[in-house]
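First up is the structure itself, then whatever we jot down about it.
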There are 2 protein chains.
Amino acid sequence: MYEKEYLMLPGPTPVPPRVLRALSEPLINHRGPSFKTLIEEVTEGVKYVYQTKNDVLILPSSGTGGMEAAIVNFLSAGDKVLALSIGAFGDRFATIAQTYGCIVDKVDFEWGTAVDLNVVKAKLAADVNKEYKAILVTHNETATGVCNDLKGLSEIRGDHPALILVDSVSGLGVMEVKTDEWGLDVIVTAAQKGFMIPPGVAFVSVSPRAWAAYEKSTAPKFYWDLGSAKKFLEKGQTPVTPAIPQLTGLREALKLFREKGMDYIFAKQLYLRDITRAGAKALGLKMLADDAVASAAVTAVWAPEGIEAKAINKKMREEYNVVLAGGQKKLENKIFRIGHLGYVQHLDILATIGALEMTLKELGYPVELGAGVKAAQEVIMSRKGLL
Amino acid sequence: MYEKEYLMLPGPTPVPPRVLRALSEPLINHRGPSFKTLIEEVTEGVKYVYQTKNDVLILPSSGTGGMEAAIVNFLSAGDKVLALSIGAFGDRFATIAQTYGCIVDKVDFEWGTAVDLNVVKAKLAADVNKEYKAILVTHNETATGVCNDLKGLSEIRGDHPALILVDSVSGLGVMEVKTDEWGLDVIVTAAQKGFMIPPGVAFVSVSPRAWAAYEKSTAPKFYWDLGSAKKFLEKGQTPVTPAIPQLTGLREALKLFREKGMDYIFAKQLYLRDITRAGAKALGLKMLADDAVASAAVTAVWAPEGIEAKAINKKMREEYNVVLAGGQKKLENKIFRIGHLGYVQHLDILATIGALEMTLKELGYPVELGAGVKAAQEVIMSRKGLL
């Protein structure tokens, strides 16, 4: 009661209280020196999480806005792109490219699986004239809870000139991305996922190769013009009015990251994933993603035969105050998704598994109460020091 | 991590976010019209929870300050009082009376049990000259998790002129108290318990009989002078500077109470108690209090033979982010206490029991993981509509 929810979504995530407090700082002039200090500080902090020396621009938008920026800044109508889709957000990235007139060679992988790099290898090998201007890929497919191997993809690209444009909206800050070391040209992410701040800002990193492509891009852009954003950033400003509370919140979230260290954050996220999967599997539930490609941000679980996923989520929300995500598009009402990224801890997962047991039992699925919790507890107890 | 704790204390309790936000309202002049509106509104709201038409005064103090006010306003040096103690806070009430020169006839009941009303009956019957000016009683003994029967006590008092002075610091707003119907003269409570606001204010109700005693009291008082508080309240003020944030927070908490209704609150508190006890008992743990007198605010549990209660609380806090209370005075290191009042819900208890299982197992106590959780789940599932 009283606003109390276990918000187990793959974004927005719960926000740490000290970040919430930082959202309430007095507003400042976005053309003044305080803002210059702020934008420079948070840009440096975001680069730390990206592990990059590339430019990173912060936009007042959702993650989708960042994806649109990734397309319109580096591509033009008529450009051929290889779009690798493993789910609803991979589809969206391809759709945006199509919307701007790109010739999209889209490869769909079964939902719940990762990109098969051999397929990409064959595609690139067949592209003898090096016509692909870009490869579009989802780092973490929020719709299915599957994580793609960005390092492997970059290796397979080799010296093919195609840019790698990455939607890492729900990946960055959750699972390690070595932007520079892996040679990833453009990576998009958003505030309300691994960064644990409320929605409202997106981040886009741009490699020197991508900037070269920017010079050639003829796609129409004004709001999403990253060249303009870069010029303004050089004087400590943004081209349009920035979402200031998210930036003061981000400053605080980045302090948290630095205090804990990114290695800790990544280890904790894998820990939360493993607790979730162990608990759900012990109830006899089937995971959509194989362990080998399972996301550290979100776990998609098949609803048991004969039970609607929506009924599970409704009961979880109404009776147990646990908010889960549903399935999207062709997975609608077939899966439910447990988010475990951001400001979530082991006991939140334990409570979620406990609520899931009660929910399933009440919906007629045979559950031994406590069995999922026990499996989750065993994972919790097996790794120490992660809170 | 990041400030995230399961604060399972018998106060301070977790505070609902909307109450936390209300603490941050701009400060106002405590001698102006806005404060008059505020103090009148919250005083009415507190009376609603007290179920009283008596005066209720709000003091900038802890609960102990309210207890001291209950003594110094209605008693004098040399007054004989009957102090009924079932634990550390009963002892404290008696000590305050002694400090101000009262002749305290103290009756101690075994810690973990309630006041035996037959003993009180005999005491009053033996007081043929009606020398007792007051009976001091603890409603809910925070130190042991035992609740006394205030209605029964009042009935036993009958027409004996002794005032009943009640320490309900951790009881009011958690368990029903019918101040007027039960003829309770003075009841003290504090903010950080059932009212779910941060510590800083105490409330004292005063019956007409108690005001008559006030007129005769010669105990020294300035800060605690309730007559002065009443006079100031009549003009919408307080004699000393009030703790304004707690009052704006209280206004919001009282809105929550009215929205849910007190019947709901009381039912929910009993539900949380029963979930806690079922979970702990299923692990073979012994409760300090019998079910019949068990508090809806806090449950005291004996540490198993050979395990220090402090080791349990340390592990719970350090590894599971669950904050429990320890034993006080003679129960130190022998019991641990799980608070379940205020802004706490069923899944918080479930997570706490889950963490307790892991903690005990790691400390060498034989635990079947999930067994306590299962018993807690069965209670949760048996009563619907309480969130």
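For all residues, glycine too, the Cβ spot is worked out from N, Cα and C.
Noted in TrEMBL for the protein shown:
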type	residues	note
BINDING	A:Arg337	substrate binding site
DOMAIN	A:6-329	domain 'Aminotransferase class V'
MOD_RES	A:Lys193	N6-(pyridoxal phosphate)lysine
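Distance from the CA of the residue listed as 'N6-(pyridoxal phosphate)lysine' to the CA of A:Arg337 (substrate binding site) is 15 Å. Classification of A:Arg337 (substrate binding site) by DSSP places it within a strand. Over the domain 'Aminotransferase class V' (A:6-329) the predicted model carries a mean pLDDT of 97.
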